[in-house]
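Take a look at the structure set out below.
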Amino acid sequence: MSSEIVPIAEPIRPADGGLGAAHASVAVPKGGHWWFRLLAFLGPGYMVSVGYMDPGNWATDLAGGSQFGYLLLSVILLSNLMAIVLQGLSARLGIATGLDLAQACRARYPRGINLALWGLCELAIIACDLAEVIGTAIALKLLFGIPLTLGAIITALDVVLVLLLMNRGFRALEAFVMALLLVIFVCFGIQIALAAPPIAAVLAGFIPRAEVVTNPHALYLAIGIIGATVMPHNLYLHSSIVQTRAYPRTDAGRRSALRWAVTDSTVALMFALFINAAILILAAAVFHAQGRTDVQEIEQAHALLAPMLGVGLASTLFAVALLASGVNSTVTATLAGQIVMEGFLRLRLPPWMRRLLTRGIAIVPVVVVTWLYGEAGTARLLVLSQVVLSMQLPFAVIPLVRFVADRGLMGALVAPAWLVRLAWVIALVIVGLNLKLLWEFALG
């Protein structure tokens, strides 16, 4: 990637992005109690948090809990703190400039680099969609006995859901996503209560221990957790959807909006921390505690939960949460895809066409691999999707950090020096760990 940031060569309006009529469509109270302003800003953070608990993260958390107990909870906490910083920067970019990350790249980079960044981001969205197809198909099989191949094809029908929600406005999208997040929260809350993990051991797991880096198997899983935590398309998504709020486009209005937006995303990502930690805690309390350190796949975990906990409801709750996770990811991935395509290319497709195109590309490998290699093949395909996401991540993080440090672009909301330094450290850690993960993957 070129190190030069070129001046804006063409005017870019916020309406050029993927929000359309949703731009500044959510009213923000100008007075009254602070609680009402907070409620007005709640939503984008929860949309973003979906990417931190999608089906692609489940296998890593399950493997970490079953193999190492509560050891890797500290890694989940660390990766979540990294995500909070980067998503805060994404919101800062959108609020300060009125541009999303894709628009900022188009404005500041030459055409060739933009096309490359767009292609890489589209690849990441397809990889994310691949994980959603697999997760949703597995959930349909676990709940209704639908074969994986047929379940993967059925997921194409989610375009109807996306269309219905988009036609009802952006707040309807947010409400739907938050309702399904609540379903996931309740499902795992009940499962954790049934598993009754030792509180002292859980709390101790959040304290970093040397074994995380001295044990090569634990380190490998730790890299996987961190590498899969920050979804590249989330950085594009967040910088766009924070602009749905009708805050005053003045320095004071933007500063206030930034405070509320960061509060929203921080609280939402702590919610995601609970879900990811709950998956690992469940695996540790049920599988690791009883000597089953080999549980790494979603279907395997589902099959073992009921007999090992002695409660049939546990497996059902697990599958319901998985289905909610897959459906939720569908909504946010569709929106991110529109934002990326319209931001980089100024190419606007109808949402149903965009959704069918992306989902169609994702369904084909799932159907083919399931037909040729069975369910074990889909598990490997799920891992591959996370590796593809890891490959794209640096190409979203690095432009973001460079932009928020540019006073000419950000104006009064330029990121402070300490935050920029912290962001570069996080970026280097993520890039380094992803490179190591890719190297390990290449070596088998």
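Cβ from N, Cα, C; glycine included.
Over in Swiss-Prot, the protein carries these features:
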type	residues	note
TRANSMEM	31-51	transmembrane segment
TRANSMEM	68-88	transmembrane segment
TRANSMEM	115-135	transmembrane segment
TRANSMEM	146-166	transmembrane segment
TRANSMEM	175-195	transmembrane segment
TRANSMEM	212-232	transmembrane segment
TRANSMEM	267-287	transmembrane segment
TRANSMEM	303-323	transmembrane segment
TRANSMEM	356-376	transmembrane segment
TRANSMEM	381-401	transmembrane segment
TRANSMEM	413-433	transmembrane segment
### Task
Grab the same-chain neighbours of the transmembrane segment (303-323) for me: Cβ-Cβ under 8 Å, and only residues 6 or more beyond its ends, written as numbers and ranges.
55, 58, 135-136, 138-140, 142-143, 183-184, 187-188, 190-191, 194-195, 282, 286-287, 290, 292, 295
### Query
Which residues of the same chain, at least 6 past either end of the transmembrane segment (381-401), have a Cβ under 8 Å from a Cβ in it?
1, 55-56, 59-60, 86, 89-90, 93, 101, 104-105, 109, 116-117, 120-121, 123-124, 127-128, 130-131, 134-135, 224, 227-228, 230-233, 235-236, 239, 365-366, 369, 420, 423-424, 426-427, 430-431, 434, 437-438, 441
### Query
Are there 3 or more C-beta pairs under 8 Å linking the transmembrane segment (175-195) with the transmembrane segment (413-433), counting only pairs at least 6 apart in sequence?
no
### Task
With pairs restricted to those 6 or more apart in sequence, evaluate whether the transmembrane segment (115-135) and the transmembrane segment (356-376) have 3+ C-beta pairs under 8 Å.
yes
### Summary
Ranked by Cβ pairs within a distance under 8 Å of the transmembrane segment (267-287), the first of 31-51, 146-166, 175-195, 356-376 is 175-195
### Query
Of the listed stretches 31-51, 146-166, 175-195, which one has the most C-beta pairs under 8 A with the transmembrane segment (356-376)?
146-166
